Amino acid sequence: MKAGIHPKTQKTTITCGCGATYEVLSTKENIRVEICANCHPFYTGSRGATRVEAGSRIDRFRKKYGR
């Protein structure tokens, strides 16, 4: 690699909105994210309101068409 053309990497702290912090190497000093693997519904297994809405739609369909 050529000397002097690559950005300087440093230890960086990534901070999530849920309070989780991660240390990685990056060219930026601090990084803030809204959602991470610690609080994302896909990784935590919680579906929240989306599942309730889908259930009520299915119930309305069954009530309307008698199935």
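Keep in mind that glycine also has a Cβ here, set from the backbone N, Cα and C atoms.
Feature annotations, reproduced from Swiss-Prot:
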| type | residues | note |
| --- | --- | --- |
| BINDING | Cys16, Cys18, Cys36, Cys39 | Zn(2+) binding site |
* Densest Cβ neighbourhood among Cys16, Cys18, Cys39 (binding-site residues), 10 Å radius -> Cys16
* Structure fact -> Using a 10 Å radius on the Cβ of Cys36 (Zn(2+) binding site), the other Cβ atoms enclosed count 17
* Residues close to Zn(2+) site centre defined by Cys16, Cys18, Cys36, Cys39, Cβ within 8 Å -> Gly17, Gly19, Ala20, Val33, Glu34, Ile35, Ala37, Asn38, His40
* Using DSSP reduced to three states, classify Cys16 (Zn(2+) binding site) as helix, strand or coil. => strand
